[in-house]
Amino acid sequence: MASEIKKIGVFTSGGDSPGMNAAIRSVVRTCAYLKIECVGIYRGYQGMIEGDFKTLDARSVNNIINKGGTILKSARCEEFRTKQGRQKAYDQLIKEGIDAFVVIGGNGSFHGAMLFNQEFGFPVMGIPGTIDNDILGTSYTLGFDTAINTVVEAVDKIRDTASSHNRLFFVEVMGRDVGHIALNAGVGAGAEEILIPEQNLGLERLLESLKRSKASGKSSSIVIVAEGDRTGKNVFELKEYVEQHLPIYDVRVSVLGHMQRGGNPTCYDRVLASRMGVKAVESLLEGKSNYMVGIRDTKLVLTPIADAIKAHTEIDEELLRVSDIMTT
Ligand code: F6P
């Protein structure tokens, strides 16, 4: 594989997600295998601007495939949004002799990479890393599978108390703009109702569903609420609303928060990260740039970054229907 690229930078950016370390490991080891130098860029675009670089060899990434978070740290960087910030980053990369980079992150991180490529003609490749699974061009982002398993495990535990005390629980999960975590984990954990940003069924429907559920003989219920749900009420307000209108229910709230972003990645996320890292490096060496590596129907595919970030992913209508049927 003859290529102009002799040194590749790798970094993580935006919110961390389980599987990022496995992807870093894969990029580093693929470079070592192909006799390309690899440089870790710390703290995302901020570290790029400041020249926070460290050469990584195959042994620098021992024992990280199983770890959540990111050994390269992550940051959201305001300065990189400016032309001057990106110029500083470019100067640092050139000074270090870096010929291309792999960015592991979400929509915001990819947008920065795309602009950088357009302005400087610098070769870039993206690997989708976010628990939200909200990137077009891939059926799975790194961390999503781990996050939904974390949520299911937590809800299984909450269910013990819900059923012992005949209670209704509102469980808030992450997802500011999209409901993939809520819908998938909700179906997997057997939730009574799932409230997501993509659809506002209204508070009336929630009350109706809870009434029906009581009448059908259910003594406890779990309602999964995505952070960005459209009812206009947060989980604590929902609790008050239901207590006011359906006093028969004893209601509790549980906000799962950042525990969903941490923890050891599942096998699925580790394998996916390993595959994506290899594909990212090999694609750069083949002269491809400004793409994101994704997975579709078990096959790895490349999507132009511009297409990957142009819209939010759609909610899975079939799974929504399954969820409705399951609450019968
Ligand atoms: O984008 C991933 C995500 O986990 C969202 O689901 C959540 O709304 C957000 O990050 C939280 O971000 P932060 O850690 O910056 O508060």
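Just so you know, glycine gets a Cβ as well, placed from its N, Cα and C.
The domain 'Phosphofructokinase' feature in TrEMBL is assigned to 7-283.
The feature ATP binding site is assigned by TrEMBL to GLY15, ARG76, CYS77, GLY106, ASN107, GLY108, SER109. Here ARG76 (ATP binding site) comes close to SER13, GLY14, GLY44, GLY108: these same-chain residues lie at least six apart in sequence, with C-beta atoms under 8 angstroms from its C-beta. According to DSSP, ARG76 (ATP binding site) sits in a coil region rather than a helix or strand.
Here TrEMBL flags ARG25, SER26, VAL27, VAL28, ARG29, ARG159, GLY190, ALA191, GLU192, LYS218, SER219, SER220 as ADP binding site. SER219 (ADP binding site) falls outside any helix or strand according to DSSP and counts as coil. Its own atom aside, the Cβ of SER219 (ADP binding site) has 13 Cβ atoms within 10 angstroms in the protein chains shown.
Sequence-distant neighbours of ASN107 (ATP binding site) (same chain, 6+ apart, CB under 8 A from its CB) are GLY14, THR130, ASP134, ILE135, ALA308, ILE309. Marked as Mg(2+) binding site by TrEMBL: ASN107.
Residues or ranges marked as substrate binding site in TrEMBL: THR130, ILE131, ASP132, ARG167, MET174, GLY175, ARG176, GLU227, ARG252, HIS258, MET259, GLN260, ARG261. Counting only residues at least six positions away in the same chain, the Cβ atoms of ASP132, PRO197, GLU227, GLY228 sit under 8 Å from the Cβ of ARG176 (substrate binding site).
The active site, proton acceptor annotation in TrEMBL covers ASP132. DSSP assigns ASP132 (substrate binding site) to coil, not to a helix or a strand.
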Write out the long-range same-chain contacts of VAL27 (ADP binding site), meaning residues 6 or more apart in sequence whose Cβ is under 8 Å from its Cβ.
-> ILE8, VAL10, CYS38, VAL102, ILE127, GLY277, ALA280, VAL281
Which binding-site residues among THR130, ASP132, GLY190 have CB under 6 Å of ligand 1?
-> THR130, ASP132
Express in Å, rounded to the nearest integer, the largest CA to CA distance found among the substrate-binding residues THR130, ILE131, ASP132, ARG167, MET174, GLY175, ARG176, GLU227, ARG252, HIS258, MET259, GLN260, ARG261 named in the record.
-> 33
Among GLY15, GLY106, GLY108, GLY190, the most crowded of the binding-site residues [Cβ within 10 Å] | GLY106
Specify the count of other C-beta atoms within 10 Å of the C-beta of GLU192 (ADP binding site).
-> 22
Set of same-chain residues at least 6 away whose C-beta sits under 8 angstroms from ARG29 (ADP binding site) = ALA58, VAL61, GLY277
In whole Å, could you give the widest CA to CA gap in the ADP site formed by ARG25, SER26, VAL27, VAL28, ARG29, ARG159, GLY190, ALA191, GLU192, LYS218, SER219, SER220?
-> 53
